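Undergrad: Here you go, one structure.
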């Protein structure tokens with residue numbers, strides 16, 4: 001919005017030209033989202049407390065979590081608000097990639113909101129019925145994936161980028177839709193599963209978004225894309241604005257979500273952020289990179305799959321409790337230790353993922 005306005009005002013004052021610089025807009029996008037989150041935080045927490053929208057804690061969970069019962073949840077609303085406002089202010093409104101991310105972000109946010117609302121009002125830890133949750137997540141993911149396929153069919157936008165290989169970029173064809181679907185839905189659920197401790201999900205999300213900001217900048221720059229042997233995608237540059245908005249909103253939320261948390265993001269935040277990371281990876285053609293950089297989310301999800309599979313097939317559990325962060329809690333690790341160590345691992349994985357762009 002402000003970019004569009006600046007384009008019309010630059011003929012009156014050349015200083016408005018600064019709004020056309022991607023680096024400037026990336027910085028102010030981060031700061032805008034950060035300040036909105038920090039401003040909304042106390043007001044959102046007070047409002048949620050007044051409405052008695054408190055966290056519902058499972059009775060079979062770690063005993064240390066019982067003290068979290070009643071902590072305000074659905075704080076993801078402030079994250080989504082901060083991201084959306086910042087992106088609308090600082091990104092080019094004509095960029096289709098921006099609208100793809102906002103569609104998934106807001107769509108998954110609405111699904112998460114309904115899920116959270118059922119939990120806090122009905123005091124039901126199950127929330128929205130699983131099949132309906134997956135149905136609506138699938139509708140959004142398939143809709144966006146199909147639209148992207150039609151727009152980018154037989155172009156670099158539908159190729160598969162394989163790490164460590166320069167010239168291995170097979171054209172996916174219709175398999176692009178299937179891959180995009182699994183990445184978007186899978187990442188949404190993976191971040192949702194990770195969001196079980198104070199600050200555990202938001203910081204890896206910030207790290208991955210920051211990593212994708214760098215990738216988006218390189219992908220939208222023809223010289224750097226050619227240098228790194230990745231597809232040049234002319235719309236990708238504006239995803240830098242989206243990624244920095246996620247970073248800013250996430251850091252602002254962490255101010256209130258750090259241990260001991262004053263507010264939880266709820267499904268409205270975790271599903272939306274996961275879906276956003278998924279669609280960003282799809283748009284940048286970096287699904288494999290997401291697996292590396294988002295390794296914490298992958299391991300959390302695999303721990304649940306292995307736990308359920310082992311119990312059904314052998315009648316035995318692999319972990320004391322899944323997702324795996326609860327396993328370490330039950331082993332006696334203090335919650336802050338689990339959180340910070342997972343953060344460290346996440347940061348290392350993002351750096352390793354970025355390094356793979358050069359190792360080809």
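Cβ coordinates are placed from backbone N, Cα and C, and glycine is handled just like the others.
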Undergrad: Among the residue ranges 5-25, 26-46, I'd like the one that Swiss-Prot describes as transmembrane segment.
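TA: Matching range for transmembrane segment: 26-46.
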Undergrad: Labelled transmembrane segment by Swiss-Prot, one stretch among 51-71, 72-92. Can you tell me which?
TA: 72-92
Undergrad: Looking at the transmembrane segment (199-219) and the transmembrane segment (94-114), are there 3+ C-beta pairs under 8 A, with each pair at least 6 apart in sequence?
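TA: Answer no: the transmembrane segment (199-219) and the transmembrane segment (94-114) share fewer than 3 Cβ pairs below 8 Å.
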Undergrad: Would you say the transmembrane segment (236-256) and the transmembrane segment (132-152) are touching, if the rule is that at least three C-beta pairs must lie under 8 angstroms and be 6 or more residues apart?
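TA: The answer is no, given that the two segments have fewer than 3 Cβ pairs within the 8 Å cut-off.
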